[in-house]
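Worksheet: one structure, shown below.
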Amino acid sequence: MSASVAVYRDIYTEDRFRQTYGTEDQSRGRERLRDRLAQRCSCSQVDCLHLLKKRLPVCSWLPKYKIKKWLLGDIIAGLTVGIVHIPQGTFAVLSLMTGSVVEQLVPIPLGLNSSSPEGAELEAQRIGVASAVAFLSGIMMLCMCGLQLGFLSTYLSEPIVKAFTSAAAFHVTVSQLQSMLGLRLPRYAGVFSLFKTLASVIENVPHTNLAELVISLLCLAVLVPVKEVNSHFRERLSTPIPMEIITVIIATGITYAFSLDSKYDIQIVGHIPAGFPEPRLPALETVPEIAGDTVAITLVAYAVSVSLAMIYADKHGYSIDPNQELLAHGISNTVSSLFTCFPNSATLATTNILESAGGHTQLAGLFTSLVVLIVLLLIGPLFYFLPKAVLACINVTSLRQMFLLFQDLPDLWRISKIDFMVWLVTWLSVVVLNVDLGLAIGVVFSMMTVICRTQRASCSVLGRAANTEIYRSINNHNKCYEVPGVKILTYNGPIYYGNRSFFKADVAQLLGLTPERIRSQEKALKAIEKREREAISSVEQGVTDSSFSSKNVLFRSEMAEGEVQAVLIDCSSVIFVDVAGARLFIQMCMECQKIGVRIYLANCNESVLKILTSSGLMNYMNPQHIFVTIHDAVVYIQQQREKPPENNTTVWV
């Protein structure tokens, strides 16, 4: 036996529903607002503890740290990332953007000896400019955090994030090709930089250092299979095989033992400055000149960091706070700029290395920092003979997951072709143009798809499923039938200045409201009213004309049966209405009145109803024609047609 539902209640207009069940008055609303503000401004031990955990996440996860399960993975991952960090910059694209700013302000003259006093002075100026970029970027991020602009990350939809990171991985991979082939080529930045780099690499392939090519092939032959083993047997391995550390140690030892750098001209890391840098102010006098470029650098750094955070949060089932990301990167950039550092962000390669090497928590970052600190203070010379080709191979193989994002495309095409186009446009823009410009194009294109979807939202006719209060589109459900004399319309989107003309055209088409029909119906209605007045006049004069009366009644009944007498608009999917949309409702009411059709509304949310009421719509339609549900309105309309209105109208389903 199937379950059933039986309902017997009064018909509810919006006004009657409020009178019956009540609404929050303005004074109560103000009191609740005051209470919320007072709660926000209050300071208690609980509030302080909550703020501390929110701004210092370590206070939340450290007490729950699982030493036996996580510590070994964090140590290995931290050591691996630390070793990779020693000779590298953070994010290759961000480094290129910063280098471009430095080159514009402090170019290096041709033939200048870097070891000369003039060269040392010029290098100090370049470091000052790079530090100034980091300082200004940090200040911008802190300001964005203070203004709570972390919500901007919501415009980075999932297709944008995945396409952006995948395309950025291509930039990183191409930038590593010259190190893998042993080529010494200039770095390119700006539009078409990827293709410029590729063209330069292809042009110089004949000059490939065969020794470095062999080293690269051997590293790839070892790293790729081990990565696959770590991926496939992750559940069985207590910690992933630390092949990156093993490769670095072996490659450094072989290069030193056989003097590969001098025999085969292999590029090695070379001298690493020892000691901790002394704090000093960046070149703040250059701030006006670098401000424009720093805005782009800041946005790219934030976009990369938040995108990676979103990907791994989704993968491992936790959430992130975008404003906290701004605060962390803002402090990091501001403080590090005082120690001759350039802008930093999360990076594709090292993030993937950290995750694939078994990192579980932020404690891995502590071990990474310790490695870099120890290298700076003590053991930097031990990495003197580390081949750059090995580091390039580690970076490239760590990007495996970013390239696997292409596997999502078939499913994305099947689920949403619009999201597929967002993914494709973003990816092509980032690859073909540049990271910052490509990201901007992806976001704008994604926003345009949203605007276009709201502009061309569907307007359809609803029908009632027999013996139910359920109403569905008659185009999609062949057993839903229109209510006689009532046209029920639903619109799946907001009604605002951008789509009001489309909404009006759809309604006019569904109702057949052509100018010719409006004029003819208006004439017919006036004719009926004239005959009614003549009939009343004849009755007052004591004259009866049964034939005239019957003809008049017949004319009105034919109009009632052949034409729509009521239009009911379901507003359940109308999330908001602006002034232009409200005026369109007034215009529709006036046009429908001309042809003797009444407008009814149902399922209006509070904000929509407030705007419609404030715009003066109630001057053109009866406030009692706004109902809580579609079925309330339909039953009311049917009862009005069958008999005079009664006070105890009810709904029976």
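For all residues, glycine too, the Cβ spot is worked out from N, Cα and C.
Annotated by TrEMBL as transmembrane segment, the relevant range among 154-174, 217-237, 238-258, 574-594 is 238-258.
Through the fold, the transmembrane segment (70-87) approaches residues 238-240, 242, 244-245, 248, 269, 272, 349-350, 353-355, 357-361, 363-372, 375, 380, 383, 386, 388, 391, 394-395 of its own chain, all at least 6 residues removed from its boundaries and within a Cβ separation under 8 Å. Among residues of the same chain six or more beyond the transmembrane segment (127-152), those with a C-beta under 8 A of the stretch's C-beta atoms are 98, 101-102, 105-106, 282-284, 286-287, 290-291, 293-295, 297-298, 301-302, 321-327, 329-338, 340-344.
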